């Protein structure tokens, strides 16, 4: 585990990833060994099947969508950089970072970017709007099989009604942020990465 | 007139009236004979010499049936008491059962005392240590979630060893100081050693009480396992301290030498390690024996009980830590025994253990109540009692806080403040302390009676007061943290989505510690232990399974076609919860022990989940919230798994959810795969038209063949087994591809698994395995919804012949 990982991951790469994502050195090494253990084909990239092999994802309602979120638009393989970039969204926001002003581009794990990640899971066609259909699709995934479509439709309607401020029957990203402003997103979308 | 009184009340009243009667009868009869000890042989004599007195139609054979009758009556009283409590639902949610049982014991004890002027029954230490305690510990150890236990072993050991030592010494010294200062009356003639001894036995957290109370308060798994593990593992410390101090007290304080202190430390090591080893030896023996019990299925459960109990007794025999021995025997043997014995035996073992443990717990609490009433055995000193209560509470809290601070630097998932509160408040003392104090020799330890009284008070206080208040306390602590306003629908839905997202990302990032050692252990287990301890058929199945996996992996590395790549998810995730890693699945994965992931971030109460449906102003809103709360899938982190519930065996709610989600996911993956394959197929066809050649022909034929059976299969199986069809199609595709690669598929072994465990295997001598299956051993045509199907192709003729011989 130890030797193989460090030979294949060069120090410069680790530094770059550190700068980009904010993970610590040991976290990066650890995640790299996880990456390689997932990578069955041993070609340095992960495909969708590699993710699908994780059994817990098969019983997660949003499993497949989250897998898709790792892959950049239209591609079928993700390398380690992309992997880390996606995982960086879930790094907890440290207190030191909270006070930094956003002169440079926002860190990947800022509140806005976390919400953007979730928003993109709903918004499949990337038109920056969650339409009623898209919302219905997500609801359908998250709910048991014995719920009828009408019930689900009415919930979707109420959801949009609650969030929609400009009356276009869809939820834009700003509306999404606004409707979740009281939610502690920092805590709910953060994982303690072990170090 | 009777109609006015509701049925329930009438029944309760009747049962309440009847309840003390057996006790009275038993005590009366026993009193009759106990009062006249010499009468029984005399009475027997009389019976026999009855020659001239005439024939008696009915005779009073009390002495003959006395002992079993009394035992049976007490068990009956305990069981009926349980029924009574659960008649009132509202009552049981507030008051923990242990409280009620103690109160009942008090009442019964009072009755018996009134009837007989003296106490006939009390909690005998021998009865407790030899029969009641092993039942409970055995049940706990056997069903202990091993992975969670070992993940938190560091914390558990710290609290068990360091915590108990801290508590024992501090309490002992503090009490001694209190007696010097004068808080404790002079009549309590106890020196430093006596107080240290008392401190040792009163400071151990009790497994029985912890189980009883924590069952009502639903804390998250990790917290529960830490407290419960601590209560089990501190037995070694308690045993050693107790014995050491007893010997010190006997010898006298002046004669204690420094060598004795070192002997004490050495004895701790011997006791704990020795106890564990004894347990592990018995675990290996038990697993080994169950390997050969195929022909004697009916007595399989008996082996389990016997060996676990023998582990306990053997450790007691050598004065090692019996609880440790039994716990590790259970933990060690569980995996292999569950794999080896039949499904019915598994159910039998589970139910019997739970029944016995439940009854033992009930008896313990009732007898605690009864024993308290007997005034002759204890003496009251307010100072001692008050000081003890205060000290144990303070030192427990201080100990927990201190140790947590140290542990959090090393732990992967830190323990929050609320966890610490629950841990310090949940450090309950129980029957073990009471039994130990009763065992003291009154002549050597002059203050025994005072100690007994204090122990009774402490035990009652912790079990009843702390048991009653822990639930509201936790609820109260939790509420300020969460917002008390009504969450909007958006918030509810999106928060739930966040939970799912987080769970998924955690799984992707593989956030579980101790990978290295666990991997090593699993390798060792697979290569040596499983070969030795698992049944041949079971082991081979797991081997075959692995070969399948390996084959798929290596094949896919060589070939770059879609077919096999799609087979892997099937292979990996067919049984939810298996360790689908291609390289080395642990052999236990075949039986899909579902992972219990740690939920370290905060106490999770199911109260919280209920609280999420607040009172709404608008009716419709309430309805929607309620609807959502009930129907949204629960993420794994929030779920409360009641391992130790003796009241309810939770139905497969989680399994239902898992199955539905799994089915959906597989379907959608199938759709994407098919559409992608279709596109590719079109591309291939187009390419073929452009450039003919042998390559084109050979590549088209397998794909052509693939299309047909796929269509056939979908029709045939989707008709009646929608859940099965998915796997069938995918698997047969893999088969076809395999066949195309010039390996002869002799047949397929279809494993028919109930729920999580493989139960039957059935052979079919066809290449394409299209038509419907009948499971030979159980003769079923259709598969139950709990069945999980796997398609395991067999490539070797010899292997196939071997497999046809074995049907289990």
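Each Cβ is built from the backbone N, Cα and C atoms, and glycine gets one as well.
Where the annotation comes from TrEMBL, it is an automatic prediction and has not been curated.
Here is what TrEMBL records for this protein:
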- B:1-27: signal peptide (SIGNAL)
- B:68-87: transmembrane segment (TRANSMEM)
- B:76-476: domain 'Cation/H+ exchanger transmembrane' (DOMAIN)
- B:94-114: transmembrane segment (TRANSMEM)
- B:126-144: transmembrane segment (TRANSMEM)
- B:156-175: transmembrane segment (TRANSMEM)
- B:195-214: transmembrane segment (TRANSMEM)
- B:223-245: transmembrane segment (TRANSMEM)
- B:265-290: transmembrane segment (TRANSMEM)
- B:302-333: transmembrane segment (TRANSMEM)
- B:353-372: transmembrane segment (TRANSMEM)
- B:384-402: transmembrane segment (TRANSMEM)
- B:422-440: transmembrane segment (TRANSMEM)
- B:452-474: transmembrane segment (TRANSMEM)
- B:675-691: compositional bias 'Basic residues' (COMPBIAS)
- B:703-714: compositional bias 'Basic residues' (COMPBIAS)
Tally of DSSP helical, extended and coil residues in the compositional bias 'Basic residues' (B:675-691): 16 helix, 0 strand, 1 coil
Proximity of the transmembrane segment (B:156-175) to the transmembrane segment (B:302-333), 3+ C-beta pairs under 8 angstroms: no
Within-chain partners of the transmembrane segment (B:353-372) [C-beta distance under 8 Å, separation at least 6 from its ends]: 74-75, 77-79, 81-82, 98, 101-109, 112, 119, 121-123, 128, 131-133, 135-136, 138-140, 142-143, 208, 211-212, 305, 430-431, 434, 438, 456, 459-460, 463, 646
Non-local residues, at least 6 beyond the ends, that sit with Cβ under 8 Å of the transmembrane segment (B:302-333): 129-130, 133-134, 137-138, 140-144, 146, 149, 207, 232-233, 235-236, 239, 243, 270-272, 274-276, 278-280, 282-287, 289-290, 293, 341, 349, 352-353
Long-range Cβ neighbours of the transmembrane segment (B:94-114) (under 8 Å; 6 or more residues past either end): 19-20, 23-24, 27, 77-78, 81-82, 85, 120-121, 209, 212-213, 215-216, 361-362, 365-374, 460, 463-464, 467-468, 471
Non-local residues, at least 6 beyond the ends, that sit with Cβ under 8 Å of the transmembrane segment (B:126-144): 207-208, 211, 225, 228, 232, 304-305, 308-309, 312-313, 316, 322-323, 326-331, 333-334, 349-350, 353-354, 356-357, 359-361, 363-364, 431-432, 435, 643-644
Any contact, the transmembrane segment (B:265-290) to the transmembrane segment (B:223-245), with at least 3 Cβ pairs under 8 A: yes
Sequence-remote partners of the transmembrane segment (B:452-474) [C-beta within less than 8 Å, at least six residues beyond its ends]: 94-96, 98-99, 102, 198, 201-202, 209, 212-213, 216-217, 219, 365, 368, 371-372, 377-381, 384-385, 388-389, 392, 418, 421-422, 425-431, 433-434, 437-438, 603, 605, 607
Cβ-Cβ under 8 Å with the transmembrane segment (B:223-245): same-chain residues at least 6 beyond its ends: 137, 140-141, 144-145, 148-149, 152-153, 155-157, 159-161, 163-165, 168, 193, 196-197, 200-201, 204-207, 210-211, 214, 260, 263-264, 267-268, 271-272, 275, 319, 321-324, 327, 415, 419, 422-423, 426-427, 432, 436, 603
